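Okay, structure first, notes after.
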Amino acid sequence: MFIIAIGDVHVPHRSYGIPPEFKKLLVPEKIQHILCTGNLVSKEIHDYFKVLTSDVHIVRGDLDENTSYPDTKIVSIGQFKFGLCHGHQIVPWGDRASLAALQRQLDVDVLISGHTHVLEVFESNGKLFVNPGSATGAFSNISNDVIPSFVLMDVQSNNITVYIYKLIDGQVKVEKIDHVKQQ
């Protein structure tokens with residue numbers, strides 16, 4: 001089962017759109033779920049995600065005007081509970097201890113957050129933490145030099161294979177991390 005973690009797109013205010021190098025990889029009917037950390041800013045990106053899969057979960061970013069998106073969301077997929085938040089609620093932004101506190105509060109196996117626009121995937125105390133970065137490379141308050149990125153997760157039983165996609169100098173680079181759910 002394929003899950004895309006993506007966010008901080010900022011179209012049209014900070015970016016023209018998802019890079020074509022990524023769009024070639026995001027094929028309809030191959031992806032079962034999209035978990036988005038927000039800051040889409042425009043309806044255009046939401047509609048694009050719905051073309052990829054009907055199962056799209058989005059939380060509200062600090063710049064999203066769509067107030068129907070929740071601040072946090074829990075999604076059960078297979079044997080895993082995924083928690084989703086934009087990340088502007090985490091103080092300081094991206095702080096691992098604060099992320100772990102939210103993970104415990106939501107009682108999830110995987111916490112997906114954004115806001116920093118910096119890709120980060122790590123394990124802590126048997127839990128998986130994913131920040132997919134910015135899919136468009138939109139600048140942030142932290143950095144003007146943001147590498148476009150997103151994360152693909154392949155969920156099989158109690159395993160998640162995490163594929164990290166980065167667009168560097170016009171080339172898509174992929175890294176892989178394996179995570180096993182602790183019982």
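Every residue gets a Cβ built from N, Cα and C, even glycine.
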Identity of the Zn(2+) 1-site residue among N39, N141, N144, N158 (reference: D8, H10, H117, source: Swiss-Prot): N39
Site-mate of N39, H86, H115 for Zn(2+) 2 in Swiss-Prot, selected among D55, D62, D95: D62
Using Cα-Cα distances with a 10 Å cut-off, which of the binding-site residues D8, H10, N39 are near H115 (Zn(2+) 2 binding site)? D8, N39
So around the Zn(2+) 2 site, N39, D62, H86, H115 aside, which residues have their CB within 8 A of the centroid of those CB atoms? G7, D8, T37, G38, R60, G61, L63, D64, G87, H88, G114
Name them in sequence order: residues not among D8, H10, N39, H117 whose Cβ is within 8 Å of the mean position of the Cβ atoms defining the Zn(2+) 1 site. G7, V9, R14, G61, L63, G114, H115, S134, T136, A138, S140
Which residue among the binding-site residues H10, H117 has the fewest other Cβ atoms within 10 Å of its Cβ, if you could check? H10
I need the least crowded one of these binding-site residues (D8, D62), counting other C-beta atoms within 10 angstroms of each C-beta. D62
Could you give the Cα-Cα distance between H86 (Zn(2+) 2 binding site) and N39 (Zn(2+) 1 binding site), in whole Å? 8
